[in-house]
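Trainee: OK, Swiss-Prot features for this one:
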- 228, 229, 230, 231, 232, 236, 375, 376, 380, 459, 474, 565: ATP binding site (BINDING)
- 280, 353, 375, 376, 380, 476, 480: (E)-4-coumaroyl-AMP binding site (BINDING)
- 301, 482, 483: CoA binding site (BINDING)
- 303-375: region 'SBD1' (REGION)
- 376-440: region 'SBD2' (REGION)
């Protein structure tokens, strides 16, 4: 492997007891063990009273106010730059007047991708409140748990999602997928009734016309609570500040976009096929890209054929995606469903959120040879800021997740000695920079996750001599299913309540279609005839579809440390599960 060659080179010339080592590269300090970005620093706003929405709209170009900023891929219904400013301001006023939303209030967004998502998200922030997002396919139990943990005072949900809502203390307002600023957009009297509350808020909330007081909010106030599996254990609420998201906008989105402007790229048109409820999609399509005046073409749900058609129709130039979407595009091309003329406008495809195989990268480059392909790395805890791929005439390192973003620093820490490691050596990746979260909603394990401002990612990685980062494994237990994060503890909490299950541990297995799938190792109670199918059906009724257990292995005992901690690595690394299992079964990751 490349890192082995680097390490071997360091030991060259060791004869006669003399060790000759090359000087460290300029981006690495041997004295401190810290890696720095090779990009020039980016100046970030210092005004402590600045908010994210104010920053975005100050950055949004004033020229051409009628230019589309959000476009519904299916209908071509658009929100212009001027519309965006007006709709966010009026909806924020409606939230304050109609529902008493104020500084510190938490509003839960249970919404699918739509042009209404960014407007709703930014309006919550403009009202002085905190937004917390959820995948709209979440189960009633998951919705109730997050609403309770965050103290949500209001829920914004889609019409389809309303059917899954459990009884909640907070009121629910249904949000349409299309915004053309009038009730006439709704289909018939029933739609007008269903969305009447939202339309009333969108008109500013009515009242006597007196503006409610706008809360005083600053950079260090919370702006979002996004859920992540963290570095281990159960899902945790990640508290992000206005400062975090402003840094993300500048260091991730605007900086990367500037690289393509510098190359003389045409007007940027981005396809939003990633869920905006996740930090990857949220940071791009509901926040950062809106500040540069790009057009965001929103797919309500991904379909490879529809995506190809939308690329051709809207002349899409950039397509951020995750490995399963990338694989679907490759399959569509192999089946002859991607005419070259339809994707000729595509300049860049970026991939993140989950590991990707070298084979899939090769297949993609064969199918789309004109596209600049890069990978990136970030976490919810780093507000998606970490590294971004950067191809040059000299370097095209497609399997790397790229270079450190501006203003970011990293360490590679030895797993046993905790010493810092130079390029070519693998260890745990630690990150430091302005995107690092304020903390978890519950600070129970914050100290072990952050140390002196450093975020311990739980990922095993190394830097090469050019400053490119490679992820080679991980310490943490998170399962990445089609780009979605699944905390094993969440599934174990569901399974252990089954009356016929004595003990359980959930880990991951590699899967060609999904990247990874959840695998449940189950110890049945004495006399139980519980089947694999029954276990999977039990879980499926209580979690979002992407969280379903895809394989069940019945075992006699769960391996644990003397302290009682489940040794997931033994389960994950065991290639001969049949030797330990009494029986097993699985379902397709395509379901």
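If you go along the chain as it appears here, the first residue is 1 and each next one adds 1.
Just so it is clear, glycine is given a Cβ too, placed from its N, Cα and C backbone atoms.
Note that the coordinates shown come from a computational prediction; the quantities given were computed from them, not determined experimentally.
Give me the structural setting of these features: burial, nearby parts and distances.
Mentor: Residue 380 (ATP binding site) falls within a helical segment according to DSSP. The Cβ neighbour count for residue 380 (ATP binding site), using a 10 Å radius over every protein chain in view, is 23.
For residue 480 ((E)-4-coumaroyl-AMP binding site), the same-chain residues 6+ apart in sequence whose C-beta sits under 8 angstroms from its C-beta are 353, 354, 355, 486, 508, 515, 516.
In the structure as shown, the Cβ atom of residue 482 (CoA binding site) sits within 10 Å of 19 other Cβ atoms.
As a whole-number mean, the pLDDT of the region 'SBD1' (303-375) in this prediction is 93.
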Trainee: Under DSSP, is residue 280 ((E)-4-coumaroyl-AMP binding site) part of a helix or a strand, or is it coil?
Mentor: helix
Trainee: Which residue counts does DSSP give the region 'SBD1' (303-375) for helix, strand and coil?
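Mentor: Looking at the region 'SBD1' (303-375) with DSSP, the answer is 37 helix, 12 strand, 24 coil.
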Trainee: State which of the following binding-site residues has the fewest other Cβ atoms within 10 Å around its Cβ: 353, 476.
Mentor: 476
Trainee: Compare all C-alpha positions of 301, 482, 483, the record's CoA binders, and send over the largest distance in angstrom.
Mentor: 15
Trainee: If you pair up every Cα among 280, 353, 375, 376, 380, 476, 480, the residues annotated as binding (E)-4-coumaroyl-AMP, what's the maximum separation in angstrom, rounded to an integer?
Mentor: 21
Trainee: Same chain, not part of 301, 482, 483: whose C-beta falls within 8 angstroms of the C-beta centre of the CoA site? Give them in sequence order.
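Mentor: After dropping the recorded site residues, what remains is 274, 275, 302, 322, 324, 325, 484, 546.
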